[in-house]
Amino acid sequence: MHRLNILHQGCASRTPTPYFLQCIVICAALTIVSASNLFGADIKEEKSLAALSSSVDYLSKFGYLPPLDLTKGELRTEKSLVSAIEVFQRFANLPVTGQVNQQTLDQMTKPRCGMPDLVGTSEQMKRRKRYALARSKWDKTDLTYRFLNYSPDLDREQIRSTIARAFNYWAEVTPLTFTEIEDASEADIYISFRRGYHDDGYPFDGIGGVLAHAFFPGNGRGGDTHFDEDEPWVIDSSDGTDLFWVAVHEFGHALGLAHSSVRGSLMYPWYQGHNPNFKLHGDDIGGIQKLYGPNPGTHRTTPAPMPKTVKPTRAISTEVPYTVDATTPAVRTTTTKRAPVETNKPDRPDPCSTDFDAVAKIRGEVFMFKDNYFWRRSIRDATGASYNYPIPIKSFFIGLPEEFQSVDAVYEQSDYTIVFFKGDRYWKFDGNYLKPNFPKQGRPLEDFGLPSYLTALDAAFVWGNNGKTYFVRGRRFWRYDEYSEKIEYTKSMSGWKGVPVPIDAAFQFWDGRTYFFKGRKFYRFDDENMRVEEGYPQPSGPFWMDCREARPGQVSAATKQQISPFITVLSLVSMTITLIFTGML
């Protein structure tokens, strides 16, 4: 693999080569590799970079590669990639080579469920020939479900009877019962057909690829199941995607089953197609009965009478369940239990022409808030697919009060507690959920030792220079010590030279520097000299939101590189992958 050797040398010497962009992709987004044994002999040299890029993306998405700890400057090693490829090959029942070969790539392109394959510890991840359980189950046996919408490709009655039949397969081997409800009361499991982006940042991908996804049992979104509307859904036919088979599989997740590596089991991740003689595999039965026990009698699923055109008032936030907890690789395990389709939805903010209410680094990702939406950016997301699509705050962070329409400040504490501030109140979250027993109406700012006259905060951030927390309001700031849980002092913001007041937001980025936001511009702060760095402010849209179109005052490419190599790498990775696939590199 002469080409890879050139890339490695070019990266090490920092001398531009014809393959400089590919070098950045490999070094920053994937790993620094010069060995040729990552590729099978059937992968052509000119396709190797694209193959490695798509493989790493797939392995990360479905749980085979853990997230990188950016605060420690981690990169993927060749050893970690080989190990992940081997685990995937075992799980998919392929010959274990540790190489990206054509058979492995073909398996990665097969239609499948959107849930990750691996749940649990590294030892559990290596399990083979056995069902796997999620970390949650329903604490009751009589469950209800409700349709939020239907696929226009199929008759409603056909869909309802097919879904009831799918639930019956689980009811026949457990004590569980399933009843469809049609009124506005809250159901345990919401069922919907969605396409593309659907308000939670985890889009469907059109025909093929991910067919559906569901959330493991739990509060909020738990159990909710979403089908990709772009699929050619059929019932009891091989002429499209069989709704029945996919539904039985997804309901397995909604009840607490993870994916199984047993080929032929229902919970095998890959779509197996219509089977007129379908029955649950022994592996599926063993897993579900481990959670709920066997069926003591005979239970049947009860469909409701045909609903009378009752339209939901709020759209369920569907899509691949994902929690903020970065310690578990994107285990999609929770769904949103919300009432129906919002009629008075506020306009989504334009990421390229907006200011920000708050910015925070949470679990290694950057969250940018505006009104009742937020965007999230991760250095692991090389495609930038979700950068410019806002996610409703309350559909992701479950437990905020109904009247919560925007946020003043957000920051993450050292124990990974996420703190939201609005007005003179605050809320503490553990991952996506309000902490147990924390009042839904929040607690007063005085809990932090802040003065009672404060009606709101402008920003809250941890300063990288000393690890202390800073609360900012107007022309003053308060320094807070998290360990003693006391305010140490309050001072004027005049000591932060060049920072405009009042500020809109502030946070510490991956590079350890502090960034302040005011209007549509941002300021990078020199922590040593206590002043805003030269060349700032810069417009926020082009840099933070990847707004590529020419705009007055758009940040230059040179400045973009200077600001942060991390974001520059993200842009180059995305551009390079595109060029590779279009044959321009």
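Numbers here mean position along the shown chain, with the first residue as 1.
From the backbone N, Cα and C atoms, a Cβ is placed for every residue, glycine too.
These features come from TrEMBL:
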- 111-119: motif 'Cysteine switch' (MOTIF)
- Cys113, His249, His253, His259, Met267: Zn(2+) 2 binding site (BINDING)
- Asp153, Glu231: Ca(2+) 1 binding site (BINDING)
- Asp188, Gly222, Asp224: Ca(2+) 2 binding site (BINDING)
- His198, Asp200, His213, His226: Zn(2+) 1 binding site (BINDING)
- Asp205, Gly206, Asp228, Glu231: Ca(2+) 3 binding site (BINDING)
- Glu250: active site (ACT_SITE)
- Asp357, Asp408, Asp504: Ca(2+) 4 binding site (BINDING)
- Ala460: Ca(2+) 5 binding site (BINDING)
>> Give me the sequence-ordered set of same-chain residues, not including Asp205, Gly206, Asp228, Glu231, with a C-beta within 8 angstroms of the centroid of the Ca(2+) 3 site's C-beta atoms.
In response: Arg195, Phe204, Ile207, Gly208, Gly209, Val210, Leu211, Glu229, Asp230
> Judged by the number of other CB atoms within 10 angstroms, which among Asp205, Glu250, Asp357 is the least packed of the recorded positions?
Replying inline: Asp205
> From the Cα of Asp224 (Ca(2+) 2 binding site) across to the Cα of Met267 (Zn(2+) 2 binding site), what is the distance in angstrom?
Replying inline: 17
>> Quick check: in three-state DSSP terms, what is His226 (Zn(2+) 1 binding site)?
In response: strand
> Given the binding-site residues Cys113, His198, Asp205, Gly206, which one's Cα is the least distant from that of Asp408 (Ca(2+) 4 binding site)?
Replying inline: His198
> Going by C-alpha positions, which of the binding-site residues (His198, His226, Glu231, Asp357, Asp504) is nearest His259 (Zn(2+) 2 binding site)?
Replying inline: His226
> Do any residues at least six apart in sequence from His249 (Zn(2+) 2 binding site), in the same chain, have a Cβ closer than 8 Å to its Cβ, and if so which, in order?
Replying inline: Cys113, Ala212, Leu266, Met267
> What other residues of the same chain, not counting Cys113, His249, His253, His259, Met267, have a CB atom within 8 A of the CB centroid of the Zn(2+) 2 site?
Replying inline: Met115, Ala214, Glu250, Gly252, Leu257, Ala258, Ser260, Leu266, Tyr268, Pro269
> Ranked by the number of other Cβ atoms within 10 Å of their own Cβ, which of the binding-site residues His198, His213 ranks first?
Replying inline: His213
> Among the binding-site residues Gly206, Gly222, which residue has its Cβ surrounded by the fewest other Cβ atoms within 10 Å?
Replying inline: Gly206
>> When secondary structure is assigned with DSSP, how many helix, strand and coil residues does the motif 'Cysteine switch' (111-119) contain?
In response: 0 helix, 1 strand, 8 coil
> Excluding Asp357, Asp408, Asp504, which residues of the same chain place their Cβ within 8 Å of the centroid of the Cβ atoms of the recorded Ca(2+) 4 site?
Replying inline: Phe356, Ala358, Phe369, Ser406, Val407, Ala409, Asp458, Ala459, Ala505
> Where's the emptiest Cβ shell within 10 Å among the binding-site residues Asp188, Asp224, Asp228, Glu231?
Replying inline: Asp188
>> I want to verify one value. Collapsing DSSP to three states, which class is His213 (Zn(2+) 1 binding site)?
In response: strand
> Glu231 (Ca(2+) 1 binding site) to Glu250 (active site): how many Å between their Cα atoms?
Replying inline: 15
